[in-house]
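Chemist: Quick one: this structure, given as structure tokens, is what I'll be asking you about.
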């Protein structure tokens, strides 16, 4: 049969669609729960010759995850439901487990926690969609196999690097049993985000997911020549559960919102009137220092990752200095962005100032260092000042930043 058992104590299987042609064999193996990662209806499946589909629906607990095997498909939103379903199938006597048990190959501490059920996860070929759901479960259930969930205070670079490594290890774990396991690039990115978020029960309300989904929406809008629906980072008020690295964020309505516990770091101010345009949590870092150190190409999507704090001085005498600070879309840009253009200028929102401070482009801008940022909201270094203290507590003006005489 075209299915393989994943290494470990659980009877978790992954494979292809046409294994369902033999439901009797699946029952003999003790399989009670089936996850189908397909975007085909029952009628379409039966038309394609899978006459056993109706039998499968009647004889097994069945979850259908309606996704296509495309890089831009949103499979992340299905992870919590799929993980819960798999857990209920593997641990039926407990109605599912609470996950993250801290033991390498046991379901829950003690005899009561031993897995007694069997689950089969499949897509069309058993290569990308089904493997992604299995990996999502393994990352949630056995995080200790693949690393540690990132701390809420960890810098973005270490979070992303840890997530890439965890997902890579999890995919390799599945490949021990199924050599063709290979989630597409978009699914790998979403698995990394799933790990970065701490594999939460509620994905869709998580700010990291909402940012990812908004960027996806932007790309689709720009592809048809339209400005996307406007959403501003400083107007998102989200409360995350304890332990998920979250905290309540409240908007000031002025582009300088901050969490209940303020993030240490610099802020950007209009050079003309000193109005605060962006605080540390809304400044996008491009990770130039890392690329300078290890020579990674700017277009290496798999390994490129931003760093924080934002590089304040060139990493070497030959490094190219960027002429921009990139920030998230903030509410003070509303009047400009509501014009519906794909690109334009940004001006200081203070009524008595109105100085030009930068520009934006939903299609993206290329930094002077060669890095592309999409979408891009750029403040020119010659028109704004970096003010405040770094995460290490060092005054910004003391590490090579040109400051006005009255602030130096």
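Every residue gets a Cβ built from N, Cα and C, even glycine.
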Chemist: Match it up for me: which of 269-290, 291-312, 313-334 does TrEMBL list as region 'Disordered'?
Modeler: 291-312
Chemist: Look up region 'Disordered' in TrEMBL and report which of 10-36, 37-63, 64-90, 91-117 it refers to.
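Modeler: Result: 91-117 is the stretch TrEMBL calls region 'Disordered'.
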Chemist: Please average pLDDT over the domain 'Tyrosine-protein phosphatase' (4-200) for the predicted structure.
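Modeler: Averaged over the domain 'Tyrosine-protein phosphatase' (4-200), the predicted model reaches a pLDDT of 85.
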Chemist: Under 8 Å Cβ-Cβ from residue 123 (active site, phosphocysteine intermediate), six or more apart in the same chain: what's there?
Modeler: 16, 17, 36, 37, 38, 69, 129, 130, 131
